[in-house]
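Participant: These came from Swiss-Prot, pasted as-is:
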DOMAIN    421-536  domain 'Toprim'
BINDING   GLU427, ASP501  Mg(2+) 1 binding site
SITE      ASN429  site 'Probably responsible for antibiotic resistance'
SITE      LYS452  site 'Interaction with DNA'
SITE      ASN455  site 'Interaction with DNA'
BINDING   ASP501, ASP503  Mg(2+) 2 binding site
Amino acid sequence: MTEQKHEEYGADSIQVLEGLEAVPKRPGMYIGDTQDGSGLHHMVFEVLDNAIDEALAGHCDKITVTIHADHSVSVADNGRGMPTGIHPKEGRSAAEVIMTVLHAGGKFDNNSYKISGGLHGVGVSVVNALSDWVTLTIYRDGKEHFVRFVRGETEEPLKIVGDSDKKGTTVRFLAGTETFGNIEYSFDILAKRIRELSFLNNGVDIELTDERDGKHESFALSGGVAGFVQYMNRKKTPLHEKIFYAFGEKDGMSVECAMQWNDSYQESVQCFTNNIPQRDGGTHLTALRQVMTRTINSYIEANEVAKKAKVETAGDDMREGLTCVLSVKLPDPKFSSQTKDKLVSGEIGPVVNEVINQALTDFLEENPNEAKIITGKIVDAARARQAARKAREITRRKGLMDGLGLPGKLADCQEKDPALSELYLVEGNSAGGSAMQGRDRKFQAILPLKGKILNVEKARFEKMLASQEVATLITALGAGIGKEEFNPEKLRYHRIIIMTDADVDGAHIRTLLLTFFYRQMPDLVERGYIYIAQPPLYKAKYGKQERYLKDELEKDQWLLGLALEKAKIVSDGRTIEGAELADTAKQFLLAKTVIEQESRFVDELVLRAMLHASPIDLTSSENADKAVAELSGLLDEKEAALERIEGHEGHQFIKITRKLHGNVMVSYIEPKFLNSKAYQTLTQTAAALKGLVGEGAKLYKGENEYDADSFETALDILMSVAQKGMSIQRYKGLGEMNPEQLWETTMDPTVRRLLKVRIEDRIADEVFVTLMGDEVEPRRAFIENNALIAQNIDA
């Protein structure tokens with residue numbers, strides 16, 4: 001780590017450049033996409049980066065990130081605390097200036113922070129501008145300071161609210177619903193970024209807590225970038241055990257790099273500048289690739305490796321199967337945009353070159369076994385590249401890849417403008433025939449795919465080109481294939497729609513196609529050209545009514561609508577009907593879904609009892625005993641036994657023991673379950689049902705009358721009556737639909753539903769490797785961990 005001098009970090013360190021007015025008008029310039037979730041998570045990362053900068057400066061070793069139940073997020077560190085003194089030019093506290101003025105921060109003069117990732121006042125002020133509210137708590141100079149902001153404006157000046165021996169800053173914010181289409185945070189996306197930061201910053205303990213469901217993870221990962229590479233390769237097969245590692249400093253800049261090759265065919269390189277990831281690389285990555293190629297080629301020539309193998313190696317060959325983490329730290333880094341996806345600082349290139357060249361030369365000379373394995377992998381890649389080039393030449397001579405000859409099975413459209421054209425990739429000739437007859441020939445092209453295409457995750461490039469179905473697909477798309485040939489500007493369709501059956505084979509074919517696009521044509525995914533069709537799962541008839549229903553949920557909702565027609569409940573002289581009946585029924589069905597999902601963790605009988613019980617309180621042994629008594633009273637003692645137990649640090653739990661088919665089943669009600677959205681749904685439902693329907697209640701459906709002593713009984717009767725008059729057909733294959741049905745449900749742009757495929761890079765890479773790679777154990781573990789929560793699986 002670059003040495004940090006402990007200069008004064010006070011109010012006069014803060015420089016002011018401009019205000020916040022522009023941010024809400026153009027949020028994408030500062031935070032990224034506000035609709036797809038990336039900008040929302042970037043809000044957290046901006047605040048988190050400031051805490052990490054305190055760690056880089058040597059003042060912080062503990063950071064806590066919390067997703068609160070109200071969808072706000074807080075980031076707390078034990079650093080120096082934001083300056084609280086009065087800013088000499090602004091006439092108000094420096095903390096308020098940092099939070100309300102764009103480009104106000106302590107990172108412009110290189111004194112308060114020599115190395116920083118974010119500009120503490122660019123990021124955090126943008127977060128303030130795009131939030132409904134922000135609270136800032138500062139522990140500094142023996143005092144606790146507090147200030148609250150509403151939509152970027154100070155509600156009242158910073159004030160001292162008490163004495164404290166703590167140090168640090170806590171920022172809590174609620175993202176603005178006007179700016180962001182959705183403020184649901186993903187625990188996994190935040191955990192991914194925090195894991196990166198933990199590897200990159202040894203000695204910093206970062207904790208992530210989700211109050212919505214009680215999930216918690218602690219990150220105190222060691223090993224630096226080498227440990228990071230080992231983690232990235234955990235689901236792959238490394239070719240050599242020893243990981244290459246390099247570290248060096250020059251002119252106030254540092255370079256740290258780790259590399260390890262595996263048996264896959266994909267390159268996986270993560271680049272960071274002052275802990276900030278660069279998705280699009282930049283000058284540090286360019287320098288790394290150049291020095292790698294030059295250094296390894298020198299070793300190969302000196303040892304006549306390529307000469308003996310009779311091949312010529314290139315830079316791409318050296319990066320096949322490479323997993324690498326490159327982390328650079330430098331003062332005043334320059335990026336191509338505020339989102340910092342690409343580094344443009346030219347001064348880092350020579351430092352990367354010098355550090356990597358010397359370290360890699362030494363590594364290859366001092367570790368002959370590793371060098372032999374790595375160069376052997378490179379030679380194999382060079383042979384495969386040459387074979388692929390020959391395969392391309394053969395296919396080009398046949399007219400396959402230059403657009404002169406289109407596949408015979410492609411039913412092309414009349415439209416020549418790619419932006420107005422769409423290609424349906426359809427499973428099987430039967431469905432392909434229906435799609436051809438049902439389509440709009442003007443702009444819809446159809447390509448039937450026979451059987452399952454090749455799994456490109458396991459296949460070399462030349463083998464992929466030899467696959468007839470893959471070659472047909474490449475030809476139809478018209479954009480070529482491979483780094484030398486692929487040109488997305490030549491793509492013939494800007495909507496590529498995958499349309500497969502709603503069964504296991506259909507899901508497999510869809511996954512194979514997505515693997516192909518992700519690995520071979522990622523540009524098409526990033527540009528938003530790949531879609532998944534959503535054909536209906538059901539066709540339902542009720543009297544003269546006929547409906548296509550997308551999935552199980554839509555079927556249940558339609559059935560509920562039919563069940564509630566001309567229905568009412570009369571209990572204790574009160575009539576429940578119309579909107580009140582519908583809202584309560586929807587709430588109850590939601591609770592049933594929650595019970596079904598949560599029964600993996602908590603006994604189902606007890607979950608059902610919660611719908612008739614008071615909210616559970618486990619804050620003390622007395623309250624826990626009350627909850628045990630109430631729940632036990634709602635259950636038959638032969639069904640389940642409940643008891644209070646005390647856990648670590650006095651935490652209260654309820655243990656549930658139940659005998660089922662001769663087996664003893666044990667589950668627990670834990671404090672974290674009571675903080676979950678699932679339990680909130682159950683308590684809301686219990687409140688809605690309380691006193692609603694009692695003994696002697698009557699249910700009326702049209703002219704019929706039924707006895708119903710509970711709301712659940714009434715709803716069961718209504719759903720049963722509705723189902724009697726309904727006939728449901730489940731579509732397993734697209735071929736079961738005639739052309740007219742396929743058009744009106746799945747292909748008509750005015751009514752169809754399409755899912756646009758978007759990918760979060762690092763998570764996607766891991767999932768594809770797990771599901772489509774060679775290793776059986778990670779795939780088995782993934783299936784076992786997710787089988788119970790998977791939906792729409794056909795037996």
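Just so it is clear, glycine is given a Cβ too, placed from its N, Cα and C backbone atoms.
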Participant: May I ask you to report the DSSP-based helix, strand or coil state of GLU427 (Mg(2+) 1 binding site)?
Facilitator: strand
Participant: Cα-Cα separation of ASP501 (Mg(2+) 1 binding site) and ASN455 (site 'Interaction with DNA'), in Å?
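Facilitator: So the Cα of ASN455 (site 'Interaction with DNA') lies 19 Å away from that of ASP501 (Mg(2+) 1 binding site).
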Participant: DSSP says what for the domain 'Toprim' (421-536): how many helix, strand, coil residues?
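Facilitator: Per DSSP, the residues of the domain 'Toprim' (421-536) fall into 51 helix, 21 strand, 44 coil.
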Participant: Give the distance between the Cα atoms of ASN455 (site 'Interaction with DNA') and ASP503 (Mg(2+) 2 binding site), rounded to the nearest whole Å.
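Facilitator: Between the Cα atoms of ASN455 (site 'Interaction with DNA') and ASP503 (Mg(2+) 2 binding site), the distance comes to 19 Å.
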Participant: Take the C-alpha atoms of ASN429 (site 'Probably responsible for antibiotic resistance') and ASP503 (Mg(2+) 2 binding site) and report the distance between them in angstrom, rounded.
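Facilitator: Taking the Cα atoms only, ASN429 (site 'Probably responsible for antibiotic resistance') lies 17 Å from ASP503 (Mg(2+) 2 binding site).
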Participant: Distance between GLU427 (Mg(2+) 1 binding site) and ASP503 (Mg(2+) 2 binding site) at the Cα atoms, whole Å?
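Facilitator: A Cα-Cα distance of 11 Å.
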Participant: Among the recorded sites listed here, ASN429, ASN455, which has the most company in the form of other Cβ atoms within 10 Å of its Cβ?
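Facilitator: Per the Cβ count within 10 Å, the most buried is ASN455.
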Participant: If you count Cβ atoms within 10 Å of the Cβ of GLU427 (Mg(2+) 1 binding site), leaving out that atom itself, what do you get?
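Facilitator: Summing over all protein chains shown, GLU427 (Mg(2+) 1 binding site) has 26 other Cβ atoms within 10 Å.
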Participant: Tell me, if you would, which residue among ASP501, ASP503 (binding-site residues) has the fewest other CB atoms within 10 Å in the structure shown?
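Facilitator: It is ASP503 that, of the binding-site residues ASP501, ASP503, has the fewest other Cβ atoms within 10 Å.
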